[in-house]
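Q: Per TrEMBL, the feature region 'Disordered' maps to 1-31, 499-536. Per TrEMBL, the feature compositional bias 'Basic and acidic residues' maps to 1-11, 501-516. The transmembrane segment annotation in TrEMBL covers 40-60, 72-93, 113-131, 163-183, 189-210, 231-248, 268-290, 323-342, 363-381, 387-411, 423-444, 450-469. What TrEMBL lists as compositional bias 'Polar residues' is 520-536.
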Amino acid sequence: MEEKARHRNNAEKSPTSRSESDPGPDAGSEGGGVALKKEIGLVSACGIIVGNIIGSGIFVSPKGVLENAGSVGLALIVWIITGIITAVGALCYAELGVTIPKSGGDYSYVKDIFGGLAGFLRLWIAVLVIYPTNQAVIALTFSNYVLQPLFPTCFPPESGLRLLAAVCLLLLTWVNCASVRWATRVQDIFTAGKLLALGLIIIMGIVQICKGHYFWLEPKHAFENFRKPDIGLIALSFLQGSFAYGGWNFLNYVTEELVDPYKNLPRAIFISIPLVTFVYVFANIAYVTAMSPQELLASNAVAVTFGEKLLGVMAWIMPISVALSTFGGVNGSLFTSSRLFFAGAREGHLPSVLAMIHIKRCTPIPALLFTCISTLLMLVTSDIYTLINYVGFINYLFYGVTIAGQIVLRWKQPNINRPIKISLLFPVIYLLFWAFLLIFSLWSEPVVCGIGLAIMMTGIPVYFLGVYWQHKPQCFNDFIAFLTTVSQKLCVVVYPQMDESPSREEESSDEVKEQCRPMYTSSAPDGQESSDSPRP
């Protein structure tokens, strides 16, 4: 309740409070205050999950799994098993999402269960590298496929690629700042577009099978190894498959903007993960009806090669589909990652201005601008792909830590309100698979994983200086307050209004915090007293 009171007081003291600029009837909560709107329905929720999982990978290079599996049949089995494991992980997140119904996803869950430092390290690696690099790479892929037809005999100029990627980021940031509804409509439209493109690939594969082109699907050929079987390579194929399903947890980042999250969060997961698994498996089946494994491995853009073989003069559909898919992927990543930064600022782990929203549009404009600027900075560096390799391991590490937190929460608080309660067998299955891949990653690439861990550990001194240390010099606090006030005036933002009476979501989250008191600490922005500081 102290946190809610502080946010209300800050909103009242802000230079852009409602008394100066009335946000009007559309500005948020039922009481007319400024608050995040619940505008994400079931269809948009499915669009966020599907749109973030299906990027350019299935169109451009689904060959990582095939190359390491060593045969078509084993590669298809890997796609199915990783889809099932992803569904198991998503079920665990569904329980956590309705037990701790706060935006921020795994960051919020790790912080509430394991404490402020663990949560901050998850946030730190996401802010510093993961989301800026991923968004930059997706935007560069978009610009590459848009510009490639203009340069048929050579590669597009690097400066042109980066400039168009920046334009894409700026345009989608503007859309997300303008309206949550606009952003979700963009996501819905482009997710539908990429599913239609993949549907076309699957239908063409079925036609090929009906014509008798299923040589590589016959069991005696499907399991014919084109390289010597190796357990290490098979493990690597599972790791590649798991990365291909990345984004399955993104809906948990926007829980507070979901319409009826207790129903729509699990429903969206139950619909989206099986749908993506179906699409991935049957798209790969379609590819091998038109290409041999060797042709598939030699192609740098599998869907484009597939289209050239089967679509003739309509082959241009495939590169356009890749461009549209990546455009929607950038939008989905901007939308969800900005909510992660918003949640981190609200908990005092990032500058407090990032926890503010526009007084009329009710969008987290500072968090969106922060996301956009950090991604634009990544566009000017030449080491984007190297950074992704370093921190991909850390991202996967926190999936397991979060799901381990579900077991810890069951043990510490067995009677807490859980609208969804799954069998503990599910997190155990996920953690066994996760541990297998994690150990293999450490064994196969110890230097890369070690550098990733080192990057994450740089957050420890930042945490103790920025969050844990409460008695900062007054001049520093005054400077931060000045920057916050200027940012508020420029962006016309205030803290979201917190309801006087706690909602069902707040009661559930507060219960987790209170009952996990020995292991949980929270923090407060702007030098407020925090339970992350030493207790007397």
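Note: Cβ is positioned from N, Cα and C throughout, glycine not excepted.
Situate these features within the shown structure.
A: A Cβ distance under 8 Å defines the sequence-distant neighbours of the transmembrane segment (40-60), meaning residues of its chain 6+ beyond its ends; these are 138, 141, 145, 180, 184, 187-188, 190-192, 194-195, 197-198, 244-248, 250-251, 254, 257-259, 264-265, 267-269, 271-273, 275-276, 279-280, 283, 300-304, 318, 321-322, 325-326, 328-329, 331-333, 335-336.
Here the transmembrane segment (189-210) has Cβ contacts under 8 Å with residues 46-47, 50-51, 54, 58-59, 217, 279, 282-283, 285-287, 289-290, 303, 306, 310-311, 317-318, 321, 324-325, 327-328, 331-332 of the same chain, all six or more residues outside its ends.
Here the transmembrane segment (231-248) has long-range neighbours at 49, 52-53, 55, 57-58, 62, 64-70, 74-75, 78-79, 81-83, 85-86, 89-90, 93, 269, 272-273, 276, 280, 332, 392, 395-396, 433, 436-437, 440-441, 444, meaning same-chain residues at least 6 beyond its ends whose C-beta is under 8 angstroms from one of its own.
Sequence-distant contacts of the transmembrane segment (268-290) (same chain, at least 6 residues past either end, Cβ-Cβ under 8 Å): 42, 45-46, 48-50, 53-54, 58, 62, 65-66, 72, 75-76, 79-80, 83-84, 86-87, 90-91, 93-94, 195, 198, 201-202, 204-206, 208-209, 213-214, 216-217, 244-245, 248, 251, 296, 302, 306, 309-310.
Beyond its flanks by at least six residues, the transmembrane segment (423-444) meets 85, 88-89, 91-92, 232, 235-236, 238-239, 242, 393, 396-397, 399-400, 403-404, 406-407, 410 of its own chain at Cβ-Cβ distances under 8 Å.
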Q: How about long-range neighbours of the transmembrane segment (113-131): same chain, 6 or more residues beyond its ends, C-beta under 8 Å?
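A: Non-local partners: 106-107, 333, 337, 340-341, 344, 347, 349-350, 371, 374-375, 387-388, 390-391, 394-395, 398, 401, 405, 408-409, 455-460, 462-463, 467-468, 512, 516, 519-523, 532.
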Q: Quick one: do the transmembrane segment (163-183) and the transmembrane segment (363-381) have at least 3 Cβ pairs under 8 Å, skipping pairs fewer than 6 apart in sequence?
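A: Stretch pair touches.
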